[in-house]
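**Student:** Per Swiss-Prot, compositional bias 'Basic and acidic residues' is recorded for 390-408. Annotation source Swiss-Prot lists disulfide bond at Cys200-Cys270, Cys235-Cys322, Cys255-Cys270, Cys313-Cys350, Cys333-Cys386, Cys339-Cys385, Cys343-Cys370, citing experimental evidence. Under the heading N-linked glycosylation site, Swiss-Prot lists Asn160, Asn226, Asn254, Asn462, citing sequence analysis as support. The region 'Disordered' annotation in Swiss-Prot covers 121-161, 390-409. Under the heading transmembrane segment, Swiss-Prot lists 40-60, 426-446, citing sequence analysis as support.
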Amino acid sequence: MTRGAWMCRQYDDGLKIWLAAPRENEKPFIDSERAQKWRLSLASLLFFTVLLSDHLWFCAEAKLTRTRDKEHHQQQQQQQQQQQQQQQQQQQQQQRQQQRQRQQQRQRQQEPSWPALLASMGESSPAAQAHRLLSASSSPTLPPSPGGGGGSKGNRGKNNRSRALFLGNSAKPVWRLETCYPQGASSGQCFTVESADAVCARNWSRGAAAGEEQSSRGSRPTPLWNLSDFYLSFCNSYTLWELFSGLSSPSTLNCSLDVVLTEGGEMTTCRQCIEAYQDYDHHAQEKYEEFESVLHKYLQSDEYSVKSCPEDCKIVYKAWLCSQYFEVTQFNCRKTIPCKQYCLEVQTRCPFILPDNDEVIYGGLSSFICTGLYETFLTNDEPECCDIRSEEQTAPRPKGTVDRRDSCPRTSLTVSSATRLCPGRLKLCVLVLILLHTVLTASAAQNSTGLGLGGLPTLEDNSTRED
C-alpha cells in the first residue's frame, strides 16, 4: 500500500513534470508565431494602404483634370454662343441696311429724272447712258430667266431684283449658300435646290465651248445658269452636274445631260429627275437622323477615344451615307479617294456600341462593320469621292460662322489613361495582395509544422529517461 501510494505520488509528480515541461518550452514558440503574424498583418496593411493611396491620388488627379476640361469646354461654348449672337446681330443690321437701300433705290426710280425724261423723248445723252449704267449695276448679278422677257423696260429691274432669292414665279426660294464647296462652283455662286420647277425653267449653260462659239461669232454671250452651282439640301457636296452626268437613271428615269441641256426640252422629265434626286436626299437625311438618335441614346460619354469624337463620326457617316445613295464621281475635289473607303473611315472613327443584351457578349467588335470591300478589286469604274481628311484641313472658314473644326472636347492624356487604368490598377493591386498573403501564410504554416515535429522527440526522450 505504501509502495503503491508512493508510486501513485510518483506518477502524479511525473505527470505534473510531463505536463509542465512542454508548457515552458511552448511559450517561446507561441510568442514567435504571434510576432510573425503581427508582422505579416502590419506588412500587408502597409502595402494595401500604399496601393490604395496611390490609386486614390491617381483617380483624384484624373477627376480634377476632367473637371478642368469640362469647364474649359463650357467656356468655349459660351464664347461661341456669344460670337453667334454678335454675328446674328450684325447680319440683321446688314439686312436692315440693304432693305433701306432698296427702298431708297425704288423711290429714286419712281421719281422722274432728267436723263429718264430725255431717254423717253428719244434723245440719247451721255447723262442718260450713265444713268442706265448706274441702274444696271444696282441690280443683282444673277442671270435672268428666259420666261421673264416681255413687258416694259421699267419692269425688268424689278424682275431681276426679285430673282435674288426666288427663281421664276415659284414660292419656294433657292437659298444662296454662305460659301461654295472647296473648288466648287465655277461662277462662285452656290444655290440649294428647293423647287424643281424653278430649276428646270432656267437657261442652262453647255460649258466653255458654247461661250467660245458665241465669242467667235461676235455675239455677246448671254448669262446662263451652270449646273455645278446647284447643290442638294442635305448631301450638299453633290451638284446637279455630277448627278446628271453620273446618276442618269434614278427610279428608271432618263436623266442624262442631253435631256436637261436641250433648249426648249420637256420640263416634265427634268422636274421628275430633280424630284427623284430630292427623294434620295430626304431618305439619306432620315437615316442620318436615326443614326444621331442611336448615338444620343447609347453613347454614355463623348470621351470614347483620344483621336476621335462624335462630331468626326457624324461627318464621315454622312459622307458614307450620301455616297451610298448617290454613286457618282465628284469632280470639285482637291483630292479624291474611292467612295468605298468612307466605310473604313466610319468604322475607325465611330464608337463601339454594344447591344443591350447581357446574354450575348461581343468581344471587341464594332457596331459598324464594313463588308464586301475585299471581295472585288477596285477598278477604274469605281466612283471616286472627295477626301474628307484633306477637305477638313484645308477648307476655308465660312463668313459669318464659327469655326467648329475644334469643337470636339479633347481630353488630356492623364484623363483618358486614368479612366482606363483606375479599375485595372485596383484589380492588379488586390491580386498582388492576395498572392502575397497566401505565400506568407504558407511559409508560416511550414515553420509551425517543422517546430512541432522537432519538439515531439524531446518529449518522448524525457519520458523514457524518467522511466
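Here the Cβ of each residue, glycine as well, is placed from N, Cα and C on the backbone.
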**Student:** Of all the disulfide-bonded residues given, namely Cys200, Cys255, Cys313, Cys322, Cys333, which is spatially nearest to Cys339 (disulfide bond) at the Cα level?
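**Tutor:** Result: the closest of the disulfide-bonded residues to Cys339 (disulfide bond) is Cys322.
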**Student:** For a quick check of packing: other C-beta atoms within 10 Å of the C-beta of Cys386 (disulfide bond), how many?
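**Tutor:** I get 22 for this one.
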**Student:** With every protein chain in view, what's the tally of Cβ atoms within 10 Å of the Cβ of Cys333 (disulfide bond), excluding that atom itself?
**Tutor:** 19
**Student:** Determine the Cβ neighbour count for Cys385 (disulfide bond): the number of other Cβ atoms within 10 Å of its Cβ.
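**Tutor:** Total other Cβ atoms inside 10 Å, all chains included: 24.
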**Student:** Restricting to the disulfide-bonded residues Cys313, Cys333, Cys343, Cys370, Cys385, which ones have a CA within 10 Å of the CA of Cys270 (disulfide bond)?
**Tutor:** none
**Student:** Using Cα coordinates, what distance in whole Å links Cys313 (disulfide bond) and Cys385 (disulfide bond)?
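**Tutor:** A Cα-Cα distance of 17 Å.
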**Student:** Where does Cys322 (disulfide bond) sit in the DSSP three-state scheme?
**Tutor:** helix
**Student:** Using the alpha carbons only, what distance in Å do you get between Cys235 (disulfide bond) and Cys200 (disulfide bond) once rounded?
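**Tutor:** Their Cα atoms are separated by 20 Å.
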**Student:** What is the Cβ neighbour count of Cys235 (disulfide bond) at a 10 Å cut-off, with all protein chains included?
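**Tutor:** By my count, 21.
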**Student:** Can you tell which of Cys200, Cys343, Cys350, Cys370 has the least company, meaning the fewest other C-beta atoms within 10 angstroms of its C-beta, among these disulfide-bonded residues?
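**Tutor:** Comparing Cβ neighbour counts within 10 Å for the disulfide-bonded residues Cys200, Cys343, Cys350, Cys370 gives Cys370.
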**Student:** Taking only the Cα atoms, work out how far Cys350 (disulfide bond) lies from Cys370 (disulfide bond), in Å, as a whole number.
**Tutor:** 12
